[in-house]
């Protein structure tokens, strides 16, 4: 436990080493540095897990606090830098270390350029260090530093190929969106300090439960701004424009970002402050609305996308929305189980897509693939496992139990509308992923592929494929006494599970009819005006980006054009011009004639005397 600070120090040192001299080191040594960094982290987390479980007492929560130093003191405000470890943070840290190791191992075989591999490992190490700081922070201000560190790391990874203008623009766009979100978190921190007079997380939860009333105004505003920060970090509607910029990053970077970085950082904030959220019933209404909109929004887009990257990003975005539905149920253990399921499924899908793009030598249009299932049976099997997990294959996949529990909890809480939307999202996601599989693997082969993929590239996918099954269903989590644990009443849930089975079968039938070998009747339906209009609408992402461009970007450009020549400088120009004119008139009075000067003095004296008499 005393070496816990090394989990932050090691990746920071590795980042500095790679960013400073990475271009002078051989590629093999770069790989060794990157993998050994994460290997050390995993080893440390193994020791921490053993130490934690050895010292834990059943039915209680072990909390470890390590004070490091005082960061700064202003009047009565002291911000200490301390590490805070309990069962919840231990689960998140273990996930970060394990999934990072898998991603780094996959990236070692994916990147071929020296610059690409050391840049990815450098930025990835900075991201992991920021995540560890965020999770271990015992103070909200230190947590905010880790939160911003994650934002900066994401910006660097999106701008991976920054020499391309379009990539740089996407990175800047992400930077602008994410810092608006960061501002909401900062406002939330200010509100918490104003209402509770502390930034220590443990003290915040203790004071809030004892001194603040549920659904009070201060609780509502605190949870609302924190909720906006969370949906922004998760990339849910209307902040999905930030997630859309991920397409510019290489696939291992997308896996690092979307599979667990954004989901873990956003969900950890909610789970850590779950007591505050449970005190505000109104904020869960907003959560449900945003989750429902995002599910329909993202799943419809993924139905018609031809760009493989965009397709899988929107499928994952739809799946991430179920986390918000889990929050709505206020079953925090269920939320944690879904996070684990999502990370595994998302990584498996993104890795499979990475290999597919590599096979196509960078090709991203699904319609230019075809007939690959015989040549790449392992890749085909991995896509099948991804589809099984996304469609929640009954009683086999881990996601089936997580999703069915979420929908069941929604129905029990009389949120039937959200439950129906969740079922529709499951159906549309099933159709989307099966469309990808049918087109890429079963349509007529258009171009012969000869790219060979080594077994080591498939190894992370095989591990994730096994993990996506129900083998982790009863994984014990050391969260007793940290977050409220709510038992699920499984009575009559079997009926819902049968409904999910029917939806999975229906999704397969629809996808098979529409995309496996569509007959002329289906093509006629697709070519109707209404179908064309919907396809165009969804392919252009509901024109939301263009709407934002017109509402915000164009007015900003117009104002910037008006401000191109500073109005203040124009005003100063006129003042300067007036002074020069007056000066010219005064100078013209200097004629050099004595009688003119005498007359001026006499006239001035008379005016002064007249003014004195009036006063």
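Here the Cβ of each residue, glycine as well, is placed from N, Cα and C on the backbone.
Feature annotations, courtesy of TrEMBL:
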type	residues	note
DOMAIN	71-121	domain 'NADH-Ubiquinone oxidoreductase (complex I) chain 5 N-terminal'
DOMAIN	137-429	domain 'NADH:quinone oxidoreductase/Mrp antiporter transmembrane'
TRANSMEM	32-50	transmembrane segment
TRANSMEM	90-111	transmembrane segment
TRANSMEM	118-138	transmembrane segment
TRANSMEM	144-162	transmembrane segment
TRANSMEM	253-271	transmembrane segment
TRANSMEM	283-304	transmembrane segment
TRANSMEM	311-333	transmembrane segment
TRANSMEM	339-357	transmembrane segment
TRANSMEM	378-398	transmembrane segment
TRANSMEM	453-474	transmembrane segment
TRANSMEM	494-515	transmembrane segment
TRANSMEM	594-614	transmembrane segment
DSSP residue counts for the domain 'NADH-Ubiquinone oxidoreductase (complex I) chain 5 N-terminal' (71-121), split into helix, strand and coil: 32 helix, 13 strand, 6 coil
Close approaches to the transmembrane segment (90-111) from elsewhere in its chain (Cβ under 8 angstroms; 6 or more beyond its ends): 7, 31, 34-35, 38-39, 41-42, 44-45, 48-49, 52, 117, 120-121, 124, 128, 131-132, 135-136, 250-252, 255-256, 259-260, 264, 268, 336, 339-340, 343, 347, 351, 354, 358, 454, 456-457, 459-460, 463-464, 477-479
The transmembrane segment (118-138) in contact with the transmembrane segment (339-357), cutoff 8 A, at least 3 CB pairs, sep 6+: no
Folded-back contacts onto the transmembrane segment (253-271), same chain, C-beta under 8 angstroms, at least six residues removed: 88-89, 92, 95-96, 99-100, 103, 106, 120, 123-124, 127, 131, 134-135, 143, 147, 150, 154, 157-158, 160, 185, 226, 229-231, 233-235, 243, 246-247, 277, 309, 313, 316, 320, 323, 327, 332, 335-336, 339, 342-343, 346-347, 350-351, 354, 483
